[in-house]
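Copied over from TrEMBL, here are the features:
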REGION    1-32  region 'Disordered'
TRANSMEM  42-61  transmembrane segment
TRANSMEM  73-94  transmembrane segment
TRANSMEM  124-144  transmembrane segment
TRANSMEM  151-170  transmembrane segment
TRANSMEM  182-204  transmembrane segment
TRANSMEM  225-244  transmembrane segment
TRANSMEM  250-269  transmembrane segment
TRANSMEM  281-302  transmembrane segment
TRANSMEM  314-338  transmembrane segment
TRANSMEM  396-418  transmembrane segment
Amino acid sequence: MGARKRLSSSSEPSSSVLKVDTQNKPQEKLNLTDPPIAPPKWGILLKLSLLALPYLYLLFYYYPIEPELRRSILINAGMSLAGLFVTVKMIPVASRYVQKRNLFGYDINKKGTPQGNVKVPESLGIVVGIVFLVVAILFQYFNFAADSNWLVEYNAALACICFMTLLGFVDDVLDVPWRVKLLLPSIAALPLLMAYAGHTTIVIPKPLVAHIGIEILDLGWIYKLYMGLLAVFCTNSINIHAGLNGLEVGQTVVISSAILIHNIMQIGASTDPEYKQAHAFSIYLVQPLLATSLALLSYNWYPSSVFVGDTYTYFAGMTMAVIGILGHFSETLLIFFLPQVLNFLLSLPQLSGYIPCPRHRLPRFDPQTGLLTGTNDGTLVNFFLRNLGPKSEKALCTYLLAFQAIACCFCFLLRYFLAGWYK
């Protein structure tokens with residue numbers, strides 16, 4: 001959910017909005033005269049490309065990674081980079097088509113300014129989802145043999161992501177109720193849950209072994225239930241921690257970067273081939289996610305020229321969920337999601353109905369000063385504004401993404417200090 005106001009299907013469009021009639025050719029031609037979206041912000045991509053430096057240092061110099069595994073990672077990285085440029089080229093094309101179908105919105109956080117009257121094409125996350133799936137499917141040719149044990153789970157993961165992208169686009173078009181949205185990730189996760197053939201055990205923390213009497217506990221079907229709940233949480237937590245230009249995509253970029261570094265560290269520090277393959281599996285999915293998300297961020301960063309829609313938030317959340325599940329680091333993933341956990345806890349009274357929940361839980365925008373002011377709604381966005389004071393939308397988003405990065409760094413520190421003692 002972004003800071004946008006969509007034209008309701010049951011309401012009449014205002015005089016400034018042209019309602020498209022697919023049977024009326026002259027009217028469709030007039031709709032094509034809408035100004036094109038702003039070009040991508042290459043500057044933000046160049047700045048964020050610095051996040052790749054620690055990863056490349058670990059991959060090439062710090063850890064002695066096997067040449068065959070490094071080759072597969074580099075092939076995947078090259079295909080992901082190609083996916084970035086394809087996504088950058090396809091977003092302007094797709095934006096014209098979604099505008100023709102009246103899939104656009106107005107930026108609520110710019111209401112009362114000229115930018116608040118600009119029609120912003122919506123649901124452009126569909127482009128990211130399609131390019132990601134194409135890259136991930138083509139990569140199978142270079143890495144997985146026909147009898148690979150990982151191929152079934154890899155395709156099951158892609159089926160979940162594809163299913164979730166489709167359901168997200170359906171949500172953008174039909175605007176389904178919130179209670180139904182909670183069920184969508186459960187449905188989309190079914191291919192992975194049915195195909196999952198990995199272990200269903202957990203390692204008991206060392207301080208508790210003496211009290212419980214066992215080191216490894218087999219949870220059986222409860223573990224699969226946990227997997228399904230994790231998919232639901234990751235998907236919806238990205239969706240509700242939103243409302244600012246660049247926030248949905250930005251948090252995905254930060255978390256994906258942390259996942260990438262975590263995976264390469266685990267590969268370099270382990271001697272177990274199966275453990276290494278699990279983390280390599282995660283890399284093969286997170287690199288295309290990071291690349292295509294960066295392409296979308298170049299259009300969605302403030303001032304946004306496109307809206308990502310629920311299509312992207314569902315797609316990104318489900319992708320990171322299956323990455324954590326199949327990479328067997330769901331605990332670490334939840335710490336990476338610490339801001340989303342806090343946002344969920346702040347939102348719980350409104351989401352449960354205990355406190356009235358408005359449709360848009362956004363801060364107030366003052367067109368005279370251009371600043372946002374926090375409301376009493378239970379979101380991390382409003383919490384930051386209430387404690388830090390009025391901020392511009394760009395500055396507030398930067399603060400929130402910096403907090404996301406701090407949470408990821410905290411996770412790495414926590415793993416370092418607890419290593420050998422906790423597990």
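Heads up, the Cβ atoms here are built off N, Cα and C, so glycines get one too.
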Could you check if the transmembrane segment (250-269) is in contact with the transmembrane segment (314-338), meaning 3+ Cβ pairs under 8 Å among residue pairs at least 6 apart in sequence? yes
Verify whether three or more Cβ pairs under 8 angstroms connect the transmembrane segment (42-61) with the transmembrane segment (281-302), leaving out any pair fewer than 6 apart in sequence. yes
Winner by Cβ pairs under 8 Å against the transmembrane segment (182-204), considering only 73-94, 124-144, 151-170, 225-244, 314-338: 151-170
Contact call for the transmembrane segment (124-144) and the transmembrane segment (314-338): at least 3 Cβ pairs under 8 Å, seq gap 6+: yes
Can you work out which residues elsewhere in the same chain, 6+ from the ends of the transmembrane segment (151-170), have a Cβ less than 8 Å from its Cβ atoms? 123, 125-126, 129-130, 132-133, 136-137, 140, 144-145, 176, 184-185, 187-192, 194-198, 231, 235, 281, 284-285, 309-315, 317-319, 322, 326
